[in-house]
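**Q** I have a structure here, written as structure tokens, and I will follow up with some questions on it.
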Amino acid sequence: QYSESQESGHNRNAPDKELTTEEFQLIFHQSQTVDIEYDFINITTEMIETERKVSFTIDGKEYHLSLTPAASQSVLPYGTKIKSAIWWTDNDTHIHEEDYSDERWDSRAIYENLEIMATILVRTENGTSYYDGVFGEGIAMKVVRSLPGRLMNIYGANYHFVYDSNGSVYDVVLNGQDEPAVPADMAVNNFYPKLLVLVDYSLFKIFNENFEETVKYLTIFWNAVNLRFRPVQHPKVNIIITGIVIAKNEAAFQHVYRARYSKNSKLVHTGRVIDNGRYFFGTNFDPYYDNYDASFTMASMDDPTGKGGATVIGGICSSSNNIAYIRDVGSYSGVKVATHELGHLLNGQHDSDTTCSEKINDNIYTIMAKQGSTKASKFVWSSCTLTAFANFSKTTSAACLKDTYRK
């Protein structure tokens, strides 16, 4: 075993003021004109075989996290297809192969802790570890970011920024047409939701239009969603990202562009994204992608009604209902909503529509609560949702989930 710790004599009163505009954007995913509340922490690491014992202090409170390698394969396997989309002068969306994949994002780099919902991408160089990821839930959810190389030389490589995620807790599902459940010959014991992830230009801009930063973020984001499904045992759920498409201009994703309330508007009608998507995906993506069970479009635009996401209950294997939309602002704010929407696709209903309560106590709410609490610090699966997943696994509507590759 070994320990890592490093001190620096540099003034740490306002390290954010030493960031360039680009560095500030890449760390906080916001403009430098925004006043950010953050903590500047020194992380020490003790290695015991494959376990990382990480310690740091925030506002006098000591944190001791035990991080272990991801229990399942990373949601973003090496070699995942990554493409870009651009709206061209011929009034059409063009898809381009980016040929961008990196083994740094595979399962060997992801560490986790189920108890505190920590998902951390670890990079080790010259005996020093750098941590990027998220831990905690709800009001207690925090983002940890390593320093850019220039600041490591000033403060020391073990220093990191930590700030609140401000995760979204509100959701309204868009219900589709109910289809009769047809019993399957055999239940599916393991769900492998194969997802096509689309990053709208509104979100890509938050990452400084940087492909590496975007892919890194998506890796952490969807591994965090996957971790929230870990308590589900019947069937077990393991997400696989089979493709990523990143919009390089505003009109590239027409299902989002045409769902805005007005031209040049930063407001979007969540329900229209789903309605528009039924045509958009059939036209644009069938020739490029066939190995996905559902698409998730991620954008940073607001819905004036407060909706954070939308999809169709039980629609994951349906060619017309396997579309989901989530709002995310680059601070993992959409992790809970993405978990919720995938829960809907796997046939979970709002707990308020079942016999289960949405609220365990003031601090704990269910993941499938229609409107969670802004004060909740933990989310759990209700018995009603777990039963819905199990029942879904026994129908032909879940058949596409049994394989890691869609046939």
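For all residues, glycine too, the Cβ spot is worked out from N, Cα and C.
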**Q** Looking only at Cys384, Cys400, which is named in Swiss-Prot as the disulfide mate of Cys317?
**A** Cys400
**Q** From His269, His350, grab the residue that Swiss-Prot records in the same Zn(2+) site as His340, His344.
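**A** Looking at His269, His350, the one Swiss-Prot places in the Zn(2+) site next to His340, His344 is His350.
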**Q** Most Cβ neighbours within 10 Å: which of the glycosylation sites Asn42, Asn91, Asn126, Asn166 is it?
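**A** Selected residue: Asn42.
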**Q** What's the most sparsely packed of the binding-site residues His340, His344, His350, counting other C-beta atoms within 10 A?
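**A** If we count Cβ atoms within 10 Å for the binding-site residues His340, His344, His350, the smallest count is at His350.
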**Q** Let me know how many other Cβ atoms fall within 10 Å of the Cβ of Glu341 (active site).
**A** 26
**Q** Given the recorded positions Asn42, Asn91, Asn126, His350, Cys356, which one's Cα is the least distant from that of Glu341 (active site)?
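**A** For Glu341 (active site), the closest Cα among Asn42, Asn91, Asn126, His350, Cys356 is found at His350.
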